[in-house]
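All remarks here apply to the structure that follows.
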Amino acid sequence: MSLLYAQTLTICKDAAGNIFAFGLFISPIPTFRRITRIQCTEDFSGLPYLYALLNCLICAWYGTLFMSDDNVLVTTVNTVGAMFQLTCVILYIAYAEKSKKVNTFVLLMGIFGVFAIIISASLFLLDRPTRHVLVGFLTCASLISMFASPLFIIRLVIRTKSVEFMPFYLSLSTFAMSVCFMLYGIFNFDPFVYIPNGIGTILGTVQLALFLYYERKDTDHSREPLIESFP
């Protein structure tokens, strides 16, 4: 019975992790449909997608057997996530104004360079527990930076008193995935997973609260909203 319970728990947490992660990955689609339609990035920031790309790359590496045990879900989910985020960054670069285009491209190359250094440095550390701790701390840092990256948008929301440039589905999916992986890390007794995702849960809650607060106050109908509400 205990074995059956453990297997059922594993299946449930893996399924939930994949579902919410996929929801996070596809959440920018409404934003980029708008960007491609008007062929302009407007006031949207590319930083959340760059942070998310770096986070996915580091987390995918952390989940491999070179770094840790029983974290296959972390690798598979973040590998798919890296492909989604790279696509978003490329689209952002394609439609951004020249200054943003150059800055985003430079940051993208910097991300690939940092990731290459992380892989090379961790492989040269022959002691596997040391690799696990080192890359685990990097995973924590990258996750926290990804969760904190929308703070730039939050400042814009507070200044403009409008949630137009803070996509609701992105905030909601980030919150849901943070909760799921926080529980995943707790069940796996992995602090490098549950601590940063616990912080992500708190920051996600703040984003959703701001969205609900300012969405009610948003009376600007001069722009097409990202999300239409129906009674």
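From the backbone N, Cα and C atoms, a Cβ is placed for every residue, glycine too.
Owing to the predicted nature of the structure, the values given are computational and were not obtained by experimental measurement.
Taken from TrEMBL, the feature transmembrane segment applies to 15-35 (among others).
Residues or ranges marked as transmembrane segment in TrEMBL: 47-66 (among others). Note on the transmembrane segment (47-66): residues 28, 72-76, 78-79, 81-82, 85-86, 88-89, 92, 104, 107-108, 111, 114-115, 118-119, 122-123, 128, 131, 135-136, 138-139, 142-143, 145-146, 149-150, 152-153, 170, 192 of its chain, located 6 or more positions outside it, place their CB under 8 angstroms from a CB of the stretch.
As annotated by TrEMBL, transmembrane segment applies to 72-93 (among others). Packing against the transmembrane segment (72-93) from elsewhere in the chain are residues 13-14, 17-18, 21-22, 24-26, 28, 32, 35-36, 41, 44, 46, 49-50, 52-53, 55-57, 59-64, 100-101, 104-105, 108, 184, 193: each is 6 or more residues past its ends and has a CB under 8 Å from a CB in it.
Sequence annotations record features per position, and here TrEMBL assigns transmembrane segment to 105-126 (among others).
Under the heading transmembrane segment, TrEMBL lists 132-154 (among others).
Annotation comment: TrEMBL describes 166-187 (among others) as transmembrane segment.
Same-chain residues lying 6+ beyond the ends of the transmembrane segment (193-214) with a Cβ under 8 Å from its Cβ atoms: 71, 74, 139-140, 143-144, 146-148, 150-151, 154, 157-158, 161-163, 166, 168, 171-172, 174-179, 181-186. Residues or ranges marked as transmembrane segment by TrEMBL: 193-214 (among others).
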